[in-house]
Each structure stands twice: as structure tokens, then as C-alpha cells.
Amino acid sequence: MPMQEPQRRLLGPFNSTRTGAPHLELSANQTGPWCLHVSIPDGLFLSLGLVSLVENVLVVISIAKNQNLHSPMYYFICCLALSDLLVSVSIVLETTLILVLEAGALATRVTVVQQLDNVIDVLICASMVSSLCFLGAIAVDRYISIFYALRYHSIVTLPRARWAIVAIWVASISSSTLFVAYYNHTAVLLCLVTFFLATLALMVVLYVHMLARAHQHAQAIAQLHKRQHLVHQGFRLKGAATLTILLGIFFLCWGPFFLYLTLIVLCPKHPTCGCFFKNLNLFLALIIFNSIVDPLIYAFRSQELRMTLKEVLLCSW
């Protein structure tokens, strides 16, 4: 677990302080006086992680409690919340260990710390890969519901959804283990960045197609003035809007980190890139922020889930 600022935290395999990783610590005269470095306190990381942990636990409990939410769409949303939960647990665990080690309250071997760091790295990487996969799965689910509405329930069945979920988790954990084991290979970074861009491209294409179809239907419905169809189409538009918001926030929160990985390969010692590298902790804080925002979007966009969340909160009191 790297212990030096500014890049001492998560995803140690991509951290400049790890042995064998690209040397990214540039001095002030290499980056220039114009270089902006945003420092993120440990307390902020711990607070963000705890907030995200509580929110995503509530989402998982709400979906598990309400039988009306036991559908493929909400199963994928639940797994997305579990991915965010992995981020939260990892953040809280690592920040706590850092504080304990820095305070000298825990004396342990370097090899033990390294093993703990590897476990945290696998958790974070698995959550990253699984988040992308489940966002893609949600987009595909919505696409089928709009363009193959009559066949939707025969195409997207619960058994198929469960098998897809199992496959995604197995693939995410397996690939993350390999990524951490071979962290000092440039191919690892390129694979992660390529997977991120490919998944985003797929989702953008699906969303653009869905929004185009929704716009055509809205125009036709406006001419017919049939309220029943309008309500049904409004439901679909609401779902597409929710997923678009999720995708946009995911891109804004994860984009800087993937740009960071890309620049490690392209310009590891360039002054401008070095300035960007100094803000790794900021990019990681954005990732945690993404895991906080996701449950809020579910609660405000889904009336059924919002009502269940209220019931869960009232029961907890």
C-alpha cells in the first residue's frame, strides 16, 4: 500500500510508488509553477466511503425487500449498487489502514501490507469492470424493451438475467486478478482503457437510437392525443432519461481516471502529463462520488424504489 503523496491510495498497480510501475513523481521544476495539485484529506475519503456504503446498502436492501422490483432491470441496478459497495468498502478499509499505519498503532510486515494492498486493488478493479458491464447490461435491457417490446419478456427472462449476472461477476473478478498480477505491463492499462471506451461507445449508440425512437413516438402520439399511449411512452422516456443521466455521471466521474491511465502509457514523463498525474487522488474521489450519486438517482427517478427506501428507513428507526 503506497504511503506517499500524492498517489498513495487505491489501485496500487497503477500507482507510481509501486515497484516496477512507471515513474510519475515529477519535481516542481519539471511540472512548472502553473501545475495545480488538489489535495484530498484522508478524512474526506473516509467520509465519502461511509456515505456511499450506507446508500448502496439501502438500495440493495430495498430491491431485495420489494417483490415488485424483482425484475432483470432492477437486478442489474442492484448489482451496480453492489459494485459501488465494493468501492466504498475498499475506500473505508484502505483509508483506515493508512491512518492506523501512519499512527504507528499497527506494526506489520511489508509483505502483509502488500498482500492487503493487492486485495484492495482487486476489489477496486473488479468494481470498475463490473460497473461498466452492468451499465451496459442495463442499456441493452432498456433497448430490447423499447425496440422488441412484444418479445421482451421472452428475450429477457429471469434465468438469463441471473446467468448474465454470474458471468459478469466471474469475468470481472478473474480479469481484475490478472490485471493486478501483471500490473507492470502496459497491455494491462491499454486493456482497461479500451474496455472503457468500447463499453461507452456501445451505450452511446444504444441511447442515441433509443432517444431517436422515443422522439418519433412522441411526435406521433402528440398528433393522436391518446393518453394511454402517452403514459406508457412517458414511462419509457423516463427510463431512458435515467440511464442517460447515469451514463453521463459515470463518464464524468470515471473519465479523468481513465485519461490518467492513458497518459501513463503515452507521456509518463512529460511536464503537462506530470501535472495531471499529481491529481490522482482527486480522480479517485470522483469515483467515490459516482458511487454516492448513483443511489440518489435511483431514489429520485424510481417511485417504487423511493417508496421502498422510505419503508426501510422507517423500519430502521
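Note that Cβ sites are derived from N, Cα and C of the backbone, with glycine treated the same way.
Per Swiss-Prot, the feature topological domain 'Extracellular' maps to 1-37 (among others).
Feature annotation from Swiss-Prot assigns N-linked glycosylation site to Asn15 (among others).
Under the heading N-linked glycosylation site, Swiss-Prot lists Asn29 (among others).
Among the features that Swiss-Prot reports, transmembrane segment is placed at 38-63 (among others), with the record citing sequence analysis.
For 64-72 (among others), the entry in Swiss-Prot reads topological domain 'Cytoplasmic'. For the topological domain 'Cytoplasmic' (64-72), same-chain residues at least 6 beyond its ends with a Cβ under 8 Å from one of its own Cβ atoms are 78, 141, 156-158, 160-161, 304-305, 308, 311-312.
The list of residues near the transmembrane segment (73-93) in space but at least 6 beyond its ends in sequence, with Cβ under 8 angstroms from a Cβ of it, reads 10, 45-46, 48-50, 52-53, 56-57, 59-60, 63-64, 120, 123-124, 126-127, 130-131, 134-135, 137-138, 141-142, 145, 158, 161-162, 165, 168-169, 239, 287-288, 290-291, 294-295, 298, 305. Sequence annotations record features per position, and here Swiss-Prot assigns transmembrane segment to 73-93 (among others) based on sequence analysis.
Taken from Swiss-Prot, the feature topological domain 'Extracellular' covers 94-118 (among others), and the record attributes it to sequence analysis. Note on the topological domain 'Extracellular' (94-118): mean pLDDT across this stretch is 73.
Positions annotated as transmembrane segment by Swiss-Prot, on the basis of sequence analysis: 119-140 (among others). Long-range contacts of the transmembrane segment (119-140) within the same chain: residues 1, 10-13, 73, 76-77, 79-80, 82-84, 86-87, 89-90, 93-94, 164, 168-169, 171-173, 175-177, 179-180, 183, 192, 195-196, 199, 202-203, 206-207, 243, 246-247, 250, 254, each at least 6 residues beyond the stretch ends and with a Cβ under 8 Å from a Cβ of the stretch.
What Swiss-Prot records for 141-163 (among others) is topological domain 'Cytoplasmic', and it gives sequence analysis as the kind of evidence.
Positions annotated as transmembrane segment by Swiss-Prot, on the basis of sequence analysis: 164-183 (among others).
The topological domain 'Extracellular' annotation in Swiss-Prot covers 184-191 (among others), and the record cites sequence analysis as its basis. Secondary structure of the topological domain 'Extracellular' (184-191) per DSSP, as helix, strand and coil residue counts: 6 helix, 0 strand, 2 coil.
Marked as transmembrane segment by Swiss-Prot: 192-211 (among others).
The topological domain 'Cytoplasmic' annotation in Swiss-Prot covers 212-240 (among others).
What Swiss-Prot lists as transmembrane segment is 241-266 (among others).
The topological domain 'Extracellular' annotation in Swiss-Prot covers 267-279 (among others) and rests on sequence analysis.
The transmembrane segment annotation in Swiss-Prot covers 280-300 (among others).
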Subject >> CB contacts for Cys315 (S-palmitoyl cysteine) [other CB atoms within 10 A, all chains] >> reply: 9
